[in-house]
Every structure is written in structure tokens, then in C-alpha cells.
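Have a look at the structure below before the remarks.
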Amino acid sequence: MSNTCRIVLFYLITCIFTCSASDAPKVRVNSGDIAGGYEYTYSGRKIYSFLGIPYASPPVQNYRFKEPQPVKPWLGTWNATIPGSSCMGPDYESNFKLVGQEDCLYLNVYTPKLPRENTPDDLMDVVVHIHGGAFMSGEGISLGPQYLLDINNFVYVTINYRVGVLGFATTGDNILPANNGMKDQVAALKWIQQNIVA
């Protein structure tokens, strides 16, 4: 391939990535700027998606068995085009193989309209999906927006929360307090309440 073809190909690829990055939907939440993407419902309706948004700090190391801590602000723009990891637990569909990570307190937001398209009189309802799994397994991304937002106009949010031992083990004292997975859910709901109009 000649150098001229390589240069033209390089500029073409650069233009494609630059155009798609500048076309990304952007919002600002309390922790910083977020750039999302697009998805399509079953009937082909285009919706905005913001995936893998942290609603609390990662519950790792000294915070492993503690209640969720506030998310720290980030510099730059958060890439919200990739779902955050599911929380660590068994995958019942693959012979109880352990899946997920400890750094898992993320949520996903799907909406047919961005806030700048809404007037105060045109705000949408918010539906939050908290996955099941007997507090042992599951992930927020398991029920996507493809059907729910096909003809409905509301903001749809899914969350991850700690499951199993990391979310619900307790020693009955302050060393290992109970129900951190439930406290994760409350932290996610508070984050949604404070940031969803972004």
C-alpha cells in the first residue's frame, strides 16, 4: 500500500472516530461530565444510553465490608458507553462459576429524550429496575430497555449492588455490619434522585 493511501486511510479513520465522539450525548452530573451512546429498541426507536456510571466509590480493600461511600468526582469526561462490571457472585447458568468484580457499584440510564429537550413541564417519570437473584447473583444490565422503551416515554435506570457474602454477610456488630447490598440500593436511589435531571 502506498504512503498516500495510508495517509488517506488514517485521516478517514480519524474523521470517523472524531465525528462519532463529538456526536455522543453528553450530560453533567454532580461528579462530572458523562458521554454516553445510543441504542435501539426492538422497533428501531433510537434512545440515549449512559452505561457504567459509578454511584458510589468502589467497595474494595478497607471498604469491602463497609456501607457504600460517596463517589469521588472525576476529571475529564466519563466514558458511559460500556456497562460496569457485575458484582461478584455465582452464575447459575454456567455451573455456579464465580463472575463479576468487587468494583461494581454502577448504574445504567436509558432515555428517549435528553434533559435539554425537556422543559420543566415535560419531565419524564423514572423507572428503576433492581434485579432479583435471591441476593446471591444478578446484574443491572440483565433487563435492557429494548422492550420497555419501545413505545413508552420514561427514564429507565438499572443498578448493580453487592450480592452474596460481600453484600449480606454480617457478624452482628460494627466490624461486619449487615445488609450492605441493601445500602448499595439506597445509595443508588439517592444518586438517581440527585442526578437524574442532568
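First residue shown is number 1, and so on along the chain.
Cβ atoms are placed via backbone N, Cα and C, with glycine included.
For Cys87-Cys104, the entry in Swiss-Prot reads disulfide bond. Residues or ranges marked as N-linked glycosylation site by Swiss-Prot on the basis of sequence analysis: Asn79. Among the features that Swiss-Prot reports, signal peptide is placed at 1-21.
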- Message: Among Cys87, Cys104, the disulfide-bonded residues in question, whose Cβ has the most other Cβ atoms within 10 Å in this structure?
- Response: Cys87
- Message: I'm trying to understand the geometry here, so how far is the Cα atom of Cys104 (disulfide bond) from the Cα atom of Asn79 (N-linked glycosylation site), in Å to the nearest whole number?
- Response: 16
- Intrachain C-beta neighbours of Asn79 (N-linked glycosylation site), sequence separation six or more, cut-off 8 angstroms: Ala35, Gly52
